[in-house]
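J.: I grabbed these lines from TrEMBL:
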- 1-31: signal peptide (SIGNAL)
- 40-335: domain 'Plant heme peroxidase family profile' (DOMAIN)
- R77: site 'Transition state stabilizer' (SITE)
- H81: active site, proton acceptor (ACT_SITE)
- D82, V85, G87, D89, S91, E104: Ca(2+) 1 binding site (BINDING)
- P179: substrate binding site (BINDING)
- H209: heme b binding site (BINDING)
- D255, T258, D263: Ca(2+) 2 binding site (BINDING)
Amino acid sequence: MASRNAASLYTLVLLSSIVLLLLSHFQVSEAQVKPPIVKGLSWTFYQSSCPQLESLVRNHLKKVFQRDIGQAAGIVRIFFHDCFVQGCDGSVLLDAVSPNDESEKDTPPNVTLRPEALQTIEDLRALVHKQCGRVVSCADLTVLAAREAVFLSGGPNFPVPLGRRDSLNFSVAGTDNLPGPFSKTGGLLSAFGAQKFDTTDVVALSGAHSFGRSHCGAFFSRISPTLDSTMDSSFAASLQAICPTDSSPNTANLDVRTPNIFDNQYYVDLMNRQGLFVSDQDLFTDARTKNIVVSFAKNQKLFFDKFSQAMIKMSQLSVLTGKQGEIRAKCSATNGRKTPSSVLSSVVEDMEELTQF
Ligand code: HEM
């Protein structure tokens, strides 16, 4: 009897050691997956000030995407256009100061940002500030929403460091840095290279065109008056049916195979000459990027890993942290800008915050 007890005690100790060993292994490998981050950001930034932040964002977006899956792509594009211009500081969300003025949102690359996706970021702001007070920035909410948009559409679930603050200004001139759809690979490599992205990053980030849509003007000259020789002719015929003129209000899907799913089919499209923009298709023509396209088309996990790394990198471009900038009470206006409606909404919110403490 005593020896049986000793044997089961021994088995118990052995089993617990194996469990502990496995646990410590997983902790180490998770820590290894997280890349270095810029000063001021943290993987646990809201742990005490808003511990429920990530679940609030995920649950809200699940409901939004059930109603309108197109907003997932819309949010990821807003993230890109925010980070690429003056850094991830919420500058793209700001309205112009006066009706005669213009903001980043009024410039050509941004007029096609989806208004309903911009509204969803503001709705997240209101929801989160109601629960936690005015502690989470619009810049952080944009990054978190983009991560969720990718994940909830079938893409990778990657961690994002947090702690960004919102800008006090925007840069209309900075939107010139956004590459256009008629850019060739050389142009993309220099535009992204200027922000320290390498060739693999550029091909991986272009994979965000795995979902979402485009208006006709961004590809019309490829299908009319003559057909772009790098485009498959039946694909071109389907685009001609959607876009009778370049100003037609219709839209075409960016990924002809799985338009609403975040996966690697975009690269399969490119290999079949079904990329929508010059900037997409040229990645399969240019010798510097062709093999990367093929490797992503063959291996979705490789694409997801490289995409996640590049997104984490993008999410840290020129961020404001610490005492820089502010936490906006409304994503479309700086706190100092007093329009009648912002005065009212910030008073209401300050009162809501006071009742929390
Ligand atoms: C490589 C250079 C890029 C060019 C030239 C480019 C250009 C464009 C253009 C012209 C559109 C169509 C907009 C419209 O007509 O509504 C678009 C859509 C989109 N872009 Fe890009 N883009 C680039 C890179 C990126 C990157 C890096 C991301 C994100 C990481 C991204 C995410 C998206 C998404 C998700 C859409 C669909 C938006 C929607 O459905 O509302 N793009 N892009």
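In case you wondered, yes, glycine gets a Cβ from its N, Cα and C as well.
Automated prediction, rather than curation, is the source of TrEMBL annotations.
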J.: Out of the recorded positions I have (R77, H81, V85, D89, E104, P179), which ones have their Cβ sitting under 6 Å from ligand 1?
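T.: With ligand 1 as the reference and 6 Å as the Cβ limit, the list reads R77, P179.
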J.: Let me know how many other Cβ atoms fall within 10 Å of the Cβ of the residue listed as 'substrate binding site'.
T.: 19
J.: Within 10 angstroms of the C-beta of D82 (Ca(2+) 1 binding site), what count of other C-beta atoms is obtained when all protein chains are considered?
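T.: Its Cβ has 30 other Cβ atoms within 10 Å.
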J.: Within 10 Å of the Cβ of S91 (Ca(2+) 1 binding site), how many other Cβ atoms can be counted across all chains shown?
T.: 28
J.: Taking Cα atoms as reference points, rank the recorded positions H81, V85, D89, S91, D255 by distance from H209 (heme b binding site) and give the first.
T.: D255
J.: Between 0 and 100, where does the mean pLDDT of the domain 'Plant heme peroxidase family profile' (40-335) sit?
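T.: Mean per-residue confidence for the domain 'Plant heme peroxidase family profile' (40-335): 98 out of 100.
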J.: Can you grab the distance from R77 (site 'Transition state stabilizer') over to D263 (Ca(2+) 2 binding site)? Cα atoms, rounded to a whole Å.
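T.: If we compare the Cα positions of R77 (site 'Transition state stabilizer') and D263 (Ca(2+) 2 binding site), the gap is 16 Å.
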J.: Which residues in the same chain, at least 6 apart in sequence, have a Cβ under 8 Å from the Cβ of G87 (Ca(2+) 1 binding site)?
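T.: G87 (Ca(2+) 1 binding site) has long-range Cβ partners S167, L317, S318, V319, L320.
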